[in-house]
Amino acid sequence: MGQKHFLCLSFTLCFIVSLSPLIYSHPPIYNFPVGQLNQNFYASSCPFLLNIVRYRVWSALRDDSRMAASLLRLHFHDCIVNGCDASVLLDDKEDFTGEKNSPANHNSLRGFEVIDSIKEDLERFCPSTVSCADILTLAARDAVVLVGGTDWPVPLGRRDATTASQSAVLEQIPSPFDSLQNNIAKFASKGLDLKDVVVLSGGHTLGFANCLIIKGRIFDFKGTGKPDPTLESSFLAYLQSICPNGDTANSNFAPLDSSPASFDNSYFTNLRNNAGLLESDRALMGNPQTAALVESYSINPSRFSNDFAASMYKLGNVGVLTGENGEIRRKCRSVN
């Protein structure tokens with residue numbers, strides 16, 4: 001690498017400039033409407049945006065291998081509830097109850113401090129310019145790329161919500177306990193189709209689930225007093241060993257697939273072998289159309305990677321605020 005001559009405003013900026021330009025090799029642009037968003041939205045107003053985000057995400061993953069899954073999940077939980085508007089980042093106040101402490105999010109979502117660190121850097125170098133919604137979308141993309149996933153283009157120009165709704169979380173987020181039909185309907189309400197349901201479920205190739213979520217399935221499936229009979233026997237024994245029956249194990253974690261720190265297609269291979277962790281994972285094998293997609297992705301990792309990138313592109317453009325709508329928050333945890 002050739003020697004660089006520049007004024008170092010901080011270690012972060014020195015680091016990212018010395019790496020600049022990073023290579024972002026996107027698949028072809030997808031033919032989905034993105035309204036007023038475009039990839040060059042901050043080209044003049046915040047030219048180091050992409051490098052700052054990727055550096056901070058890389059630093060977070062270096063310190064915590066679970067963070068890739070956490071940032072991906074944080075982005076999904078934001079977008080699937082009233083659109084990609086960073087409403088999930090808002091803290092509760094005396095006169096305001098947002099999304100963070102809903103049953104689906106409380107003590108479950110992680111990575112808020114990573115978004116905070118990115119925002120703090122950006123407020124130093126390009127104040128009141130980059131939205132928290134754009135930061136969250138970029139961070140999820142970079143997290144996936146840094147653990148082996150396929151890159152995808154992220155059009156920018158989202159603005160941040162000035163409110164949030166806990167009731168909307170209960171109504172709109174797909175549940176690991178819901179029927180496949182209900183979850184398909186929730187995706188469809190966001191403009192996401194059945195293929196997107198399967199592909200985005202493949203995000204479970206990363207991360208872990210709390211044992212409390214799966215205890216019923218491995219010990220008392222639907223009130224039978226017995227485990228889910230579809231679980232492969234050695235996988236069931238493994239789950240019962242790390243999530244033993246009893247409240248003391250509720251805070252333990254089980255991996256969502258056999259390689260929880262790497263983006264690959266093992267999630268689908270596991271499903272074919274009756275070793276999917278969540279009830280919503282298992283449900284994909286009970287429908288001929290979704291089961292066929294699981295089969296295809298289990299034998300063709302490249303197809304899964306490409307389709308995942310396309311579905312994430314669609315997800316990132318659900319219900320975005322642009323133009324004069326919303327605001328650019330100075331701090332992601334509170335409105336201006």
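Any Cβ shown, glycine's included, is placed from N, Cα and C.
Those TrEMBL annotations? Automatic predictions, nothing curated.
Per TrEMBL, the feature active site, proton acceptor maps to H77. Residue density at H77 (active site, proton acceptor): 21 other Cβ atoms are found within 10 A of its Cβ, drawing on all protein chains shown.
Long-range Cβ contacts of D78 (Ca(2+) 1 binding site) within its own chain (separation 6+, distance under 8 Å): C84, D85, A86, S87, V88, L89, A133, L136. Residues annotated as Ca(2+) 1 binding site in TrEMBL: D78, V81, G83, D85, S87, E99.
Residues annotated as heme b binding site in TrEMBL: H204.
Here TrEMBL flags T205, D257, D264 as Ca(2+) 2 binding site. Counting Cβ atoms from all protein chains shown, D264 (Ca(2+) 2 binding site) has 19 others lying within 10 Å of its own Cβ.
All protein chains considered, the CB of C46 (disulfide bond) has 18 other CB atoms within 10 Å. Per TrEMBL, the feature disulfide bond maps to C46-C126 (among others).
According to TrEMBL, the feature disulfide bond maps to C79-C84 (among others). Other Cβ atoms within 10 Å of the Cβ of C84 (disulfide bond), summed over all protein chains shown, number 27.
The disulfide bond annotation in TrEMBL covers C132-C332 (among others). Within 10 Å of the C-beta atom of C132 (disulfide bond) sit 30 other C-beta atoms, taking all shown protein chains into account.
Residues annotated as disulfide bond in TrEMBL: C211-C243 (among others). Its own atom aside, the Cβ of C243 (disulfide bond) has 23 Cβ atoms within 10 angstroms in the protein chains shown.
Summarising the annotation, TrEMBL assigns signal peptide to 1-25.
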Nearest of the recorded positions (C126, H204, C332) to E99 (Ca(2+) 1 binding site), judged by Cα-Cα distance: C332
Beyond the site residues D78, V81, G83, D85, S87, E99: chain residues whose C-beta lies within 8 Å of the centroid, for Ca(2+) 1: H77, C79, I80, N82, C84, A86, V88, A161, A164, A168, G319
Close recorded positions near D257 (Ca(2+) 2 binding site), where close means Cα within 10 Å, chosen from C79, V81, G83, C132, C211: none
